[in-house]
Amino acid sequence: MTARIGVVTFPGSLDDRDAQRAIRLAGAQPVALWHGETALRGVDAVILPGGFSYGDYLRGGAIARFAPVMETLVDAAKGGLPVLGICNGFQILCESHLLPGALTRNAHLHFRRRSQRLRVENTTSAFTGHFDAGQEIVIPVKNGEGRFVADERTLDELEGEGRVVVRYVDGNPSGAMRDIAGISNAAGNVVGMMPHPEHAVEALTGPSVDGLGLFTSVIAHLGRTAVGAGSSQT
Amino acid sequence: MTGTHEADRTENTFDELDTVDVASKTPDEPQPYAELGLRDDEYAKIRDILGRRPTGSELAMYSIMWSEHCSYKSSKVHLKKFSEKNPRTDRMLAGIGENAGVVQITDDLAVTFKVESHNHPSYVEPHQGAATGVGGIVRDILAMGARPVAVMDALRFGDAEHPDTKRVLPGVVSGISFYGNCLGLPNIGGEVVFDPSYQGNPLVNALSVGVLPVSRLQNKNASGLGNVVVLLGQKTGKDGIGGVSVLASATFEDGDTDNRPSVQVGDPFVEKLLIESCLEMYDAELVVGIQDLGGAGLTCALSETAAAAGMGMYVDLDRVPLREASMEAHEVLASESQERMLLIVSPEKVDDVLAVAAKWGVLATAIGQVTDTGRLIINWHGQTVVDCPPGSLADDGPVYNRPMKEPNDRALIAADRAETLPRPSTDDELRATVLRMAGSPNLADKTWITEQYDNMVGGNTALSMPDDAGVLRLDNSGTVGSGPIGIALSTDGNGRFARLDPYTGAQLALAEAYRNVAVTGATPIAASDCLNFGSPEDPHVMWQFAQAVEGLAEGCAQLNIPITGGNVSFYNQTGMTAIHPTPIVAVLGVMDDVRRRVPMGFTNDGDVIVLLGETYAELSGSEWAWSQHGHLGGIPPAVDLAGEQALAAVMKRAAEVEHVSAAHDLSDGGLAQALVESVLRHKVGARIKLPDHADPFVWLFAESTARALVCIPRGHEKAFGALCEEHDVPWTPLGIVDSSAGGIEVVDHFAISTGELAEASEGTLPGLFG
């Protein structure tokens with residue numbers, strides 16, 4: 001059965017249509033989820049896309065964590081539902097305490113967009129099974145508040161438990177601590193990353209098609225773990 | 001305003017509202033029309049139209065609508081040439097006079113695009129000025145029924161080394177970045193030029209492009225007796241009052257930062273909500289007419305929608321949601337608060353409109369209705385403060401045929417030719433010149449600016465800066481046919497050429513934009529313009545303007561692409577000194593299969609590098625003359641529109657059959673700069689051998705038009721050559737792409753490593769602004 005992957009649209013989501021396209025290209029069925037509703041519509045996994053959820057003049061994701069959809073999503077994620085937060089989605093996951101640390105203003109104080117080389121450090125998360133350990137990929141990064149920070153103990157813990165999923169190589173675009181581009185929770189089903197895999201899925205528009213691997217990985221992961229529709233629903 | 005006027009206004013507010021009744025009874029009440037920018041005869045005309053003195057609110061409305069910015073009173077007589085000379089085409093669904101021109105692409109699909117200036121606000125307050133410039137042009141596109149899909153920007157700043165440029169440029173860039181990125185519109189191109197002539201008058205010209213199903217085309221007519229007038233979006237505040245009349249319709253003098261409150265403040269999140277809610281309303285066919293609120297705010301939207309339909313309108317101004325409760329009627333009418341749209345809705349659909357707005361969390365308020373009185377009547381606190389024919393505001397503004405005079409120094413300037421300047425005479429000097437120019441602010445790498453823009457959101461960007469044109473796949477959320485059709489857009493303008501000869505300069509801007517679109521393999525189909533000039537009250541400026549319009553209109557006729565609309569920005573001058581006349585031209589192209597688009601930059605070893613077109617000793621107005629000698633004089637390069645068309649035909653065909661793997665137009669800095677940029681794009685080098693007869697200096701630095709550098713994959717050279725001959729395009733093989741060259745090698749002359757080029761080109765802007 002085709003996996004059904006939800007994409008949450010907040011009023012200020014911008015890359016939601018891109019995430020839906022990536023899901024389609026990876027062979028799954030995208031399902032639109034709305035920030036104002038708690039229903040997860042029986043999806044097998046969820047993407048929190050990039051953008052500026054509620055304008056984010058306060059702090060990226062600070063208001064979105066209180067959205068009705070997050071009420072159910074937080075519980076479902078704790079129950080094992082695969083969730084990928086991209087950019088603003090990563091910020092929301094941190095604000096929701098599904099992931100540790102925080103994303104702050106880039107050290108150079110500018111919005112920065114570039115094609116970024118990354119190293120895949122963890123291939124056991126729900127979204128990285130299709131990569132080889134240490135594989136280098138090119139995925140665009142674009143943000144103004146993308147600098148991952150956490151206290152030393154948390155950073156050591158993330159490193160020690162292999163929860164740094166992707167790391168910047170050939171330059172750190174934001175000043176993120178320990179070059180961290182993305183992390184996972186302890187169970188590996190919740191992943192947050194600043195780079196945008198949904199922008200690297202077609203030769204026509206992306207610097208590579210490396211991003212597709214995140215989406216095919218979760219589809220394969222769903223096949224293996226047979227997380228059925230409704231198993232993580234309220 | 002003077003203290004006396006402040007006192008008058010206070011008195012009016014609390015003692016007696018200046019209603020239509022009061023105005024009728026107090027015909028001799030002195031009014032501050034001169035302070036509001038109206039001339040004696042204009043004020044007399046208003047009194048004549050109304051048959052009495054205007055109320056304070058009416059006076060404010062006329063002063064705004066009859067300002068240069070809104071009424072085009074100095075440019076109208078010249079802009080007629082565009083309509084007169086426009087080539088006939090079945091593609092135009094909406095043209096000059098609409099919020100933006102609309103061009104049909106397929107049976108079901110259309111594209112709308114427009115460039116608009118936000119120059120004056122961007123000088124006073126660079127960040128918000130530039131941000132709201134993006135917001136304003138996006139709403140124009142939205143008002144046509146389109147989903148905005150991209151933005152571009154043409155920027156002009158003063159000297160790169162000047163301290164004020166360090167204030168203006170970073171602010172403008174951060175404003176464009178902030179607004180466009182938050183709005184989710186990819187920024188796919190544009191240009192940045194430094195010149196001292198823009199020191200006190202930077203130019204911020206923003207372009208937006210949108211896509212719509214042909215059936216969703218909207219209009220601004222407030223038609224249908226009894227239809228409801230709905231204001232959608234932000235609350236109305238005191239920001240931007242006098243934006244068009246105070247800021248954009250007068251020259252800057254000292255102390256101009258006092259105008260800062262006239263600059264609007266942008267909220268891109270609300271604009272995003274406005275876009276989504278409007279599109280949802282269009283698709284549900286809830287809207288009869290729609291107009292964005294930009295310059296002149298409600299005044300403009302109310303009068304233009306009513307006038308367009310030939311109807312009357314009644315508005316209860318107390319219903320307008322205010323950000324600031326103490327606002328007076330004339331302030332509510334003049335406010336340029338951002339992120340607002342005016343909708344005309346039939347009564348039975350009002351509830352549905354309010355529901356869509358509520359879904360997106362946008363304020364929507366019924367503020368009036370369409371009447372058959374033929375009058376725009378506005379009530380405030382239960383009394384009538386405006387009662388006038390809407391057409392008198394929107395359409396019957398003054399029209400001036402201002403005096404024009406050819407500048408006296410024309411012959412002197414023409415005789416001061418750059419072709420006679422000292423030239424680099426040795427290979428070492430040639431090499432040093434290439435490097436110096438590559439690192440000069442106008443030619444240097446612009447990544448420091450462009451990496452602050454999201455160029456990929458939406459997932460349809462096939463080419464963007466530093467490619468020659470922005471190219472988008474048309475994929476309107478599945479509402480479009482299956483074909484991966486592409487559109488290409490470029491904006492160009494060369495103020496130095498236009499300073500030397502405005503007629504030719506305007507055509508050169510058109511030719512360059514046309515060429516930039518063509519080298520991607522697209523077929524140019526339409527143009528839009530933003531005409532930036534000094535004060536129209538200066539006969540020399542007016543002459544420049546008339547020449548530029550004539551040149552552009554004639555050029556478009558020859559290229560067979562219509563002007564679909566545009567914008568005029570006058571008063572770009574400080575004291576007596578005007579900017580270089582700067583017509584910015586945007587050209588739109590289409591391609592049948594966007595996968596065949598041709599990028600810029602060397603990639604494949606062994607590709608043959610070919611120069612298309614003829615090179616002449618044309619150096620006047622060139623980047624070489626300016627950056628190496630600080631020289632501006634002579635006659636700009638010759639325009640060859642037939643040559644541009646032939647080049648475009650070759651590129652279109654070559655792209656379709658994949659005879660060409662990369663291409664780059666030749667413009668500022670000539671062949672040398674095209675080579676530098678092509679090498680730096682992917683850090684892949686090339687070996688170049690100039691023809692035996694060639695003067696290496698002229699070949700490297702001349703800025704002759706109708707030329708491009710192309711890369712031909714091995715095995716395609718013969719077929720490509722035949723194609724060039726078929727279209728009568730001169731072609732000269734120049735060398736090969738060769739990564740082992742380690743940079744640019746001009747055989748028998750000099751070599752420059754990629755590292756050295758990169759250091760020169762990529763270090764300049766971070767050094768100045770980082």
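Glycine too: its Cβ is placed from the backbone N, Cα and C atoms.
Here's what TrEMBL has on this protein:
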- A:Cys87: active site, nucleophile (ACT_SITE)
- A:His196: active site (ACT_SITE)
- A:Glu198: active site (ACT_SITE)
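Here the C-alpha separation of A:Cys87 (active site, nucleophile) and A:Glu198 (active site) works out to 11 Å. Per-site Cβ counts within 10 Å over the active-site residues A:Cys87, A:His196, A:Glu198 peak at A:Glu198. When secondary structure is read from DSSP and collapsed to three states, A:His196 (active site) falls in the coil class.
Mapped onto three states, the DSSP output places A:Cys87 (active site, nucleophile) in coil.
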